[in-house]
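If you look up TrEMBL, you'll see 5-225 marked as domain 'Cytochrome b561 bacterial/Ni-hydrogenase'. What TrEMBL lists as transmembrane segment is 96-116, 156-181, 201-223, 243-268. Per TrEMBL, the feature domain 'Oxidoreductase molybdopterin-binding' maps to 333-480.
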Amino acid sequence: MDIDFPLWLRAAHLLNFILIGMLLRSGWEILSSLPRLWWRNDCAPGTEWLKFTKRELPKEEGVYTSLMDEKSMHPALALPGRENVGLGRHWHGVSVMLWVLNGLVYVILLFVTGLWRRIIPTSWDVIPESFETLKVYLSLEVPGIEHFTPYDSLQMLGYTFVIFILAPFMILTGVAMSPAIRARFPWYVKMFGGHQGARSLHFIAMVLMTGFIVMHVGLVFLVHPDYNLPHIVFGDVDNARFAQAFVIVVATVVAVILFWIALSYWTLADRARAHSILTGFTEIGRKIFLNGLRPRSARQGSFTEKDISEFHWTNGLPPTKDESEEWVAARDNDWKDLTITVGDDLSGNSRELTIEDLRALPRHSYIATHTCMQGWSATSEWTGAKLTDILALLGPKPEGARYVLIDSYGLAQKMYDNRAREPFYSVIDLETLNEEDSILAYERNGHDLDIHLGAPARARVESNHGYKMVKWVRSIRWIADYKEYGDGRGGTREDSALQAFNGRI
Ligand SMILES: Nc1nc2c(c(=O)[nH]1)N[C@H]1C(S)=C(S)[C@@H](COP(=O)(O)O)O[C@H]1N2
Ligand SMILES: [Mo]
C-alpha cells in the first residue's frame, strides 16, 4: 500500500483548513445578523426552531425591522464581527470561491493519482469494521496501528461522508439561498423546503462540519500522533521526525488562527477598502454563475397561492412626518396628490406620475419569494407596472444612461459613520432593469400595498435580494453612473451596510 502523502495533497489540506475557517467565521457573521432559524418560509415571530437571541419578536407586522435584530459578535470569533453582515457576506463569497476551487483540484487529483482508493470504501466490510473501531474508541482505547493503511475503516467512512456528501450539500443549500437562482429555478429551492429549509439545512450541515473538524483535529493528536503528524507535514513515515512535525503542526494552527483574526481587523480598519476589494473578487463569481439567470416568476409553476405567507417581515419603517411631510399628507388623503417622478438626470427631463397613471400601465402579476440578505423570507403575489414601461413614458432610453436610480420618500435607517440620515435609494443596471420581474408594485396579494411594505408603490427586482427594492418610491431616474450619488456604491445598503451593488446572492 502506497502511504505517501504527496505535496499537492498536503497543500490542499492546509488551504482547506484556512478557507473552511474563513467560511465558518463569515457564516457566523451572517447568522448573527438574524440569529434565528425557521422551517416556515414566512419566518413568523415565535415559530423559530432555534434562536441565539433573547429578544422577543413583536407579533405585529411592520413595527420591528430585521436591522434591529442584528447582534454584534466579537471580531475574534466572526469575520469581520461587530454587525457587519455586508462584509461577512463578501468574505463568505471570497472564501467559498477559493474553497470550491481548492476542493475541485483536490478531488480531481485524488482520482487522477488513484489515491481515492485510500478514502472511498470499495467493500461493505468497512461498516462492521468501523463499528468495531467505534467500540474501541468508546472504551477509550486506540486501535492498533496496523489498521491504518493509511486510514482505517472509520476514517474512510468519515472522510467520504465529509468530502463527497457534506461539502457538496453545503454548496447546494448555500446556492439555494440566492435570489437569482430562486427566481429562475424556483423548484430547486422548493426541493429543500424553500428558503428557510435551505438556510436551516445549511446551518445543520455547518454544525456537522464543525463537529467533524473538532474531532478530526483532536484525534490526530490522540491516536498515533507519531504516525499522523509526520505524514501531514512531510508526507513520509519517518517517525524520527515526529518532534519536528509536532512543532510545525502546532505553530501552523496558531498562525492560521492569528491569520483568521487578522482578517477581521484588516476588514474593520477600513471597511470601504475591504468592500471594494472583496466585492471586486466576488463579482467574478456572480458574473459567471448568476448574472445570466433571468427571472420568470409569472411563468413558473413551483410557487403557487398555497405558498403565500401569512406573515411578512419588514426592513425600514414608513416615513414619519419629519422624513416626508408630503408622503404623510398623501397617505391621509388616499394618495390622491402624491406623484412619482420619472426622470432623466442626464438631460434634466422629467415628468410626474400619479398612482392612477401607474395603474393605467399594463399590469404584471406573479408570485415570488422575497429574501432579505439577513436571512428572512416571505412569499407574496405582487402586481405592478414594469419599470421599463414606466421609463418608456419619458421616451426612448437617453444616450449615455447606464443605470436607473430609484429613491424613497423615506430616509435610510442608518448611515455609514452614523451621519445624518439621507433618503433611501438603490441603483440597478440595464440588464436587471430589463428583466420581466423588475416592477413598481402597487398591489400585494390582490389588495393595495400595505403601508409598512412600501405604499403606495415599491420596487420589486426579483433576481435580487430585498435591499435593492426601494419602498415608498419617490422617483425613478435614468443616470449615467452611480459613482456620483450617495457614497458612490450604488445604494443605501451598499453605502451604509457595505452590501454588494449586485444583489443576486
Ligand atoms: N425606503 C426603504 N426601502 C427599503 C428599505 C428601507 O429601509 N427603506 N429596506 C430594504 C430592505 S433591506 C429589504 S429586505 C426590503 C424589505 O421589504 P419589506 O419591509 O417590504 O419586507 O425593503 C428594502 N427597501
Ligand atoms: Mo434587507
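Note: Cβ is positioned from N, Cα and C throughout, glycine not excepted.
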Could you break down the residues of the domain 'Oxidoreductase molybdopterin-binding' (333-480) into DSSP helix, strand and coil, giving a count for each? 25 helix, 66 strand, 57 coil
Contacting positions for the transmembrane segment (201-223) when only residues 6+ beyond its ends and CB under 8 Å are counted: 20, 24, 27, 31, 37, 50, 142-143, 158, 162, 166-167, 169-170, 173-174, 177, 192-193, 229, 232, 253
Within the domain 'Oxidoreductase molybdopterin-binding' (333-480), what mean pLDDT does the predicted structure show? 97
